[in-house]
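Worksheet: the structure to be examined is printed underneath.
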C-alpha cells in the first residue's frame, strides 16, 4: 500500500534512492540564474545542468540527482483557479550524461514508485504514455517491467523538442486516483494523458538521443542523455491522498494562518478558495525569490515579483484583509521549507521588510487603478458605451486590476467591456512568454572535439608567471590538427600553464608562448569541458607543432594589477556587508587590469555617506598591511572558519580559501596579492543601478586610483583659479555665495516677468467670463520660459480664487498650457480633463490632478483654436 509521506520525506527518499544508484546530488541552485542571460528564472530541474548536456563542462559523475526550486510565471492568471498550477515549485530529477539510457531510467522509476522501501505505490494504479514510434520504450515497459499493453498509451506529443539542441522521445507515468475523480470516458479526455483530475502525471522521463540541427534535421547524439522530472507538490498530493496540491503539508500551514488573519475558512467557498490559493502560492514565490537575490522593481524579474505581490494583496481584499499582512506569512514558509532550504529563514527579517514596504505601496496603486477606470467609464459613456479592450488590458497588466472587477464596475455603470480585444492582448502576452520560454531553454549542440580531449593540463599560475612546458593539442577551425602556420588564430593546450583562465569574474591572463621556432600571442584563456585551460592566440611567426617544448610567459604588469583589483574586490564585498547589511550578495563582478566592477543585491541607491564609509573601510584594511593567506581545505572546515561562499556558486569537496582575516575570508579560485598593502589605494568612481534590485560599483586601485585622484585635483585647482580663491576651504564658501546670488537674481527676474505679464494682460478680473454657470479665464499669456507660466498661474489664482483658469503660451515654438479648477468645483469639472481635451489640438498631450493639470504641444499656431475649443467644451458640460 502506498505510504503517506510528508513532502520533505518524499524529497529525501528520492535523493537517497538515486544516491544508492550511483548518482551525485547536485544542490539546488538559486532561482536567479548564474551566468545564463537567456533565463529570467531557473524554471526547471535541467535548467542548471545545461552546461553538462551541451558539452561545455563534464560533471564529476555522469549520474546526477537534484531537487531544484523553480519559478514559472507564464500562466499567472491560472494560479488559484486550478488544483495544480503554481508559480513556485520543486522539481525532483535524475539525469544521465552519456551514461545509462532508457532501460535503466525506466527500471529506476518503476522501482522507486512501486517498491515498499520507497513510495510503495500499487502497480495496478500506474499507466504510462510513450511516443508511437518508440518501440524500445514500449518493449521495456511491456516485456521487462511487465506492464500490460492496455496500460501503455501511445501519444504523438510525447517528443521533447525545444528547438536547436538535444531532443528526443519521452515517457510519462500516470497515477490513477480512482473513480471518485471521474468515470473513464474518451470523449471527456478521461484517460492517461488527457486533461482530467483522475489520471495524474507524476513523472516525465525524457530520452535525449537526437540533435535538432539548424536546418531542422535530426542526427543521433554521440552521447545519449536522460532528463527526468517529478513535481514534488503533485507527488505529495498523491502520497497524502488529497484533492489538490494546496491541501498538502507544503501549503496547509499557510492556509491556517490566512484563516486566522481573515476570519474566513478554507475549503468552504470556491470563490474564497481562489484567494487562499493565490496568496499561498505567491508568498512562496516571493519569499524564495527575494532570498535568492531578486527584489521588486518595474522591469525584468523584479517586475514579476511586484506583479505577484499585487495580485496576492488584491485577492486578500476579497477575504476582507485591507492592510499589509503578506509579510507575516514569511516565517511560516521558512519553517515549512527548512532544513533543505535554510536561506529563507536566515534572511526572513530582510524578506519581511521588503514585502511589507511593497504591500504599503500597493494600496496607492490600487487607488490609481480605480481612478483610471472611472476615467475610462466617462470616456465610454461619451462614445461607444464600451470600455476599450486595450485600456482594460493595460489596467490589468500595469496596475494588476482584475478584469472581472473591471467588468463588474462597467456593468454597474451600464457599460460593457470589449473582451475580444482584451483576450487578444492577453493571448499576445502569453505567446510572447511562450516564445521567450522556448528560446531560453534551447541548448547548444554538443562540441565533441574538446569533449574528447581528456589529457591533463595543470595550472601552475598561483606560484609563478612563467613555465617551461609542452604544447599538447592544437585546434584550428574547429578541428584538432598537428601544426599551424604564422598569422592564424589557434586554440591550444599545455601540460602545465601559468595562464589563468577567465573565471569568477577575473579576466584571463595574456602573454606569449614561444620557442626558437615560433611565437603565439595569447589573448584569451577559458576552461575546456574537461577542465583544462584552453588558450587562444595568434601565431606571430613560425610554424607551431604539437609536442613542441615551449616557454609560457604571462604579462606580469597586467597580472599584478589584476591581483590588486581581485583582492580589493574581496575587501569591497566585506565592506558592503558591514555598511549595508547581510542581505548584500554578489550578483556579478569583473576584475580587469585597469579597474574592477562589482554588482551586488541592494534595494536602493547608496547614499554618499555609505559610499564614503565603504571606501574608508577598504582603505583601512589596505593600510593595515594584512597578510593574505591562501589555503586549500574541505568545504566543512572552510565554513567552520567563517569563509564566505559566493551566492549561487557551486563548490567541490575541496575549496580554496582566501583569508584576509578578520575582515574578509572568502572562497575563491582567483589570483591575489600577498599582503593587502600591495593594493596601495582604493577609490570608488561610480555607484549605479543595473536593473531590478542590483547596484553596481566601479572602482580603481593602486596607480590607477592615484592618477584618477590626480586628475580630480587638477580640475579642482582650475576651479580655484576661476573662482579666484586661494585656499581649498574657500571653494565651498565661494560656491555657496554664488548660488545665493543666483537665487536672488532669479527671484528678481521672476518678479519682473510677472509684472511685465501683468502689465500686458491688464486687469484680469475684466477678462473673466461666465460659461455654463462657471467663472472662467481662458487666455494666452506672453511669458519668457515654460516655468514662468506656472508662476503666472499662481499669481492669477491668488486673485481669482473661485475661477477656472486655463493659460497657454508659446515659448520657442513650443506650447505650454496649465489649468486649475477650484476644489469646490472638481466634482463637476476636472483640470486633467480640460488639458487632455486641449493638448491634442496643439499636437501634444497632458494631464494631472482634478484641481491642477498641465500639458504641452508642438503646434503653437493652434493655440487660439484650442482655447476656443475648451470654452465650448465647458459650455457643454
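Including glycine, each Cβ sits where the backbone N, Cα and C put it.
Taken from Swiss-Prot, the feature Zn(2+) binding site covers 566, 570, 668, 672.
Neighbours of the Zn(2+) site: apart from 566, 570, 668, 672, residues of the same chain with C-beta atoms within 8 angstroms of the site's C-beta centroid are 567, 569, 628, 658, 666, 670, 671. Cβ-based neighbour count (10 Å, all protein chains) for residue 668 (Zn(2+) binding site) stands at 24. In sequence order, 506, 591, 596, 668, 670, 671, 672 are the residues of the chain that are 6 or more apart from residue 566 (Zn(2+) binding site) and have a CB within less than 8 Å of its CB. Every protein chain considered, the tally of other Cβ atoms within 10 Å of the Cβ of residue 672 (Zn(2+) binding site) stands at 24.
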